[in-house]
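Trainee: Per Swiss-Prot, the features are:
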type: REGION; residues: 3-184; note: region 'Structured coiled coil (CC) domain'
type: REGION; residues: 258-302; note: region 'Disordered'
type: REPEAT; residues: 682-705; note: repeat 'LRR 2'
type: REPEAT; residues: 706-728; note: repeat 'LRR 3'
type: REGION; residues: 737-771; note: region 'Disordered'
type: REPEAT; residues: 840-862; note: repeat 'LRR 5'
type: REPEAT; residues: 866-888; note: repeat 'LRR 6'
type: REPEAT; residues: 889-911; note: repeat 'LRR 7'
type: REPEAT; residues: 935-958; note: repeat 'LRR 8'
Amino acid sequence: MELAVGASEATMRSLLGKLGNLLAQEYSLVSGVRGDIQYINDELASMQAFLRDLSVVTEGHNHDNRRKDWMKQIRDVAYDVEDCIDDFAHRLPQDSISDAKCSFILTKMYELLTWWPRRDIASRIAELKVRAQQIADRRNRYGVNNPEHCDSSNSPRPRAHAAAQDIAEYQDTKPQIVSIKEPVGMKTVMENLEKWLTEPQPDKGRAVLSIVGFGGVGKTTIAMALYRKVSGKFDCQASVAVSQNYDEDEVLRSILNQVSKQEEAGGSTESSSRDENTREPQGSSSTSSREENTAESGTKRMLNKLKKALPLSLLGGNDDKTSVRQQETMGSLQLREELKRRLAEKRYILLIDDIWSAKTWNSIIIPFLPSENDKDSRIIVTTRFHAVGSTCSPRHKNDEATSSPGHGKDLLHKVDFLTGDKPLDLFNASIPDPMKRTDRDKKLSKICGGLPLAIVTMAGLVACNPNKANSDWSKLCESLFPYPVTTLNLDGVTRILDCCYNDLPADLKTCLLYLSIFPKGWKISRKRLARRWIAEGFATEKQGLTEEEVAEAYFNQLARRNLIRPVEHGSNGKVKAFQVHDMVLEYIMSKSIEENFITVVGGHWQMTAPSNKVRRLSLQSSGSKHGNSTKGLNLAQVRSLTVFGNLNHVPFHSFNYGIIQVLDLEGWKGLKERHVTEICQMLVLKYLSIRRTEIAKIPSKIEKLEYLETLDIRETYVEELPKSVGQLKRISSILGGNKNTRKGLRLPQEKRNKAMKNPSPQGKTKEPAEKGFLSQEKAKGTMKSLRVLSGIEIVDESAAVAASLHQLTGLRKLAIYKLKISEENDTFKELLSSIEYLGSCGLQTLAINDENSKFINSLYNMSAPPRYLVSLELSGKLKWLPEWITSITTLNKLTISITVLTTETLEILRNLPSLFSLTFAFSLSAAKQDQDTVKGILEDNKLATDGEIVIPAKEFKSLKLLRFFAPFVPKLSFPDKSAMPALEIIEMRFQEFEGLFGIEILENLREVHLKVSDGAEAITKFLVSDLKDNTEKPKVFVDGIVTA
């Protein structure tokens, strides 16, 4: 195993910055300590230089145990110094002495009051100095050689450019969209497998497709492509990853949740991601005693265990459908029973990814499948082992066994290594930018032994080294594999991943290793990751770029290198979510273990618990049997905690609240109000996510989190923030509300006494009845760092809040999920004024959901339009298109009400030079109330152009995505092939549809996706069927089904 130095060097760099800041403080240090800190600073700087030399000179060599142990000592002392400094920062009130010119007496009082903590820290620093001296002496004593003494002539590292990489090169990427991609060189195979999955079996029984092959050969890629293509033909679908170390309850619960959500959606054009009606918020009733909150009695625990063990039939649970909250408390027996009941009368398709043993199939999967199901259901299984595949598909075609009654014939498909020209074709297809094709490509694809994972990763390496000479690539091939390669084994895969990892700059190594926090197969949000990188200090201001821009550049480079796989793009063309390949995740996890960078408890792989201190903890287990899985771990130095799954217990009492900086509890159902109170004691916390938890209130003590940068409370029961949130000086992102249900988060405002609200004789109020959350004395001048304010609610009583928005001059995104104000109210005028002002300050994203539509229509003649907008969303009954939209040359994404869908509107919008996606929408909930009105408006709109909406020729030069989401979509026509020349995808969701004409002449249009909601009339179904059956190009998908 190679010596990993990426994360260690990044930690050292961050630490040196903190030491420099500490030395600059005039009043904080006890006499004599400044010299110790300076010594530690100089010693660690030399160690950092040594680390950097190691990463450049000696990577590709196996390091002896002495160097590895010495590196471990460097890392440990650096971590301990960082903890000491962070502890110092929160124990001493720096601002009170440094922000003012204090008198001699005040200075002495400060020194007296802080004498004890400063003395304690001085003692710890002295000990750390001694440790640093000992580490330096030990290196000489035991002969740890300098990097220049090591021979690097055979190093496989293509390193000419990486250390000095210009990150601005990767800051901006061209917007693009993800579509269903065929695995390279497998067109015929995919067609055959798709046909087998969709054609009925003679006895209409359940059938299993097992896809078998070596890790990295493309099993999951094939399975996912098939699943996405055919899933729309089934009543319900679910996919789950199992892997080597799985949790039975979590596997079953994941499948059940997916099936349940599809039933709840009922085929409508909009659906909620959670059941808002069946779950009660935490804290909505009277607060229980602390003893009741902190521990259950033995009797209660016994009853809960008994309930989980009993079948639902004995608990009276078969009468009605279980709620999401009930499912979260079910045991395995109840989960199996509920799944069997829900699937019994449905035609289902399941994707079970990465099964490692026949026991898993027989004991976990088979028990929940209905024994009698004649609906032609299908199961897709992926596994590395032929024996497991044969167990899952016992009646596959290579066997002489015939189908048994009630079951269809199974299929086992083996995925082999690529041969012939296929490796080179995949290599060329995996390089994002056009590059000159040379013999280099053939040589590099050949050493990958036909393994797709190795090929695409090596192609990413080439893409990021465009100026490297062919001779250097030839040397690289020879150093990696001196002998010809036919097929690649695990050691060969590791060599190639080593080569690609070693080419990364130190910052990118750290960012890549950080991904080992997430579970196998997890769909990772790009924005969530970027905010966490910033909070951890991995992405800092550099080369004139902001932290956010640097984080985006790092992400783009990892994607360009094919070390991560984008799986979902937003309508703005940027990556929304991505995944890490299983083998890449295993690789970076091994590196993280070596550096003690990430500690994972639970998850899909068995991970040896570190004997040293835990720094970043990822809890991935689920269920009560994992509740005490952190026993034996030293958690006093945990700086980052992430929870995945339904843990019953998280050991908050074991953490040092003074050093935790990242707390990501998204989706943890065990979070209680008392936990949130404890979180407010984590004084250096920078990132807090309690998204999708059952918390209903944020305590006022949140003001103590003066370093907090991100507060994510989306999809919780929190309806209003406390007034103290206005005192968070460093807050950058406040994310609240629920976009699916349009539930908004109220910003606080302070009520004034009634005497101040009495009108004057002229009928006017003497002063506002409320104060906005930024109008309080303590909050004045704060929140200047706020960049994102998303998911808020503005109503008639929010005039003070609307006025306070003026002060958020750094705001880049404002999303109002619920707006309900009357035109004569002061709130109307204040909000309009605030939006005009923020638009002039650099607002880039504006989203407004206006329930009565008066406000969005008032934007038409706005005197100072937001000229820097990149994304604009206006929801409601829009009467006319704001005339200033055409002046916004930076606009990339536009979502507007379908009520302004006219040929004239399209004529106006076609000249926007940067427009990537255009969406006409109307929410289903609003349409139910105004269905006749909306339909009448659309009928009038099309009458102006002979009964159809005509897409104008030419222009729309950048538009690649066109979407219509509404109950009624009128007739649309593309009369000229020059209309929307860059268009790649059309998406439509509707209940009533009048037709789509001329799409076959659009040269770049690849896919049309149609989703028909329940209740559609026969004429609509006929038009959809006709479009599907009579269109060869582009491909037409109806509810996910691609045309033949």
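Every residue gets a Cβ built from N, Cα and C, even glycine.
Note that the structure is a prediction, hence the values are computed from the model and not measured.
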Trainee: Residue list, the repeat 'LRR 5' (840-862) vs rest of chain: Cβ under 8 Å, 6 or more residues beyond ends.
Mentor: 742, 790, 809-823, 828, 831-832, 868-880, 882-884, 895, 897, 923, 926
Trainee: What counts of helix, strand and coil residues does DSSP assign across the repeat 'LRR 6' (866-888)?
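Mentor: Per DSSP, the residues of the repeat 'LRR 6' (866-888) fall into 5 helix, 5 strand, 13 coil.
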Trainee: Please tell me whether the repeat 'LRR 7' (889-911) and the repeat 'LRR 2' (682-705) touch - that is, whether there are at least 3 C-beta pairs under 8 Å between them, with each pair 6 or more apart in sequence.
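Mentor: Contact criterion not met.
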Trainee: Tell me the residue counts in helix, strand and coil for the repeat 'LRR 7' (889-911), as DSSP assigns them.
Mentor: 10 helix, 5 strand, 8 coil
Trainee: DSSP says what for the repeat 'LRR 3' (706-728): how many helix, strand, coil residues?
Mentor: 5 helix, 4 strand, 14 coil
Trainee: State the mean pLDDT for the repeat 'LRR 8' (935-958).
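Mentor: Taking every residue in the repeat 'LRR 8' (935-958) and averaging pLDDT yields 84.
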Trainee: Residue counts in helix (H, G, I), strand (E, B) and coil for the repeat 'LRR 5' (840-862), per DSSP?
Mentor: 10 helix, 6 strand, 7 coil
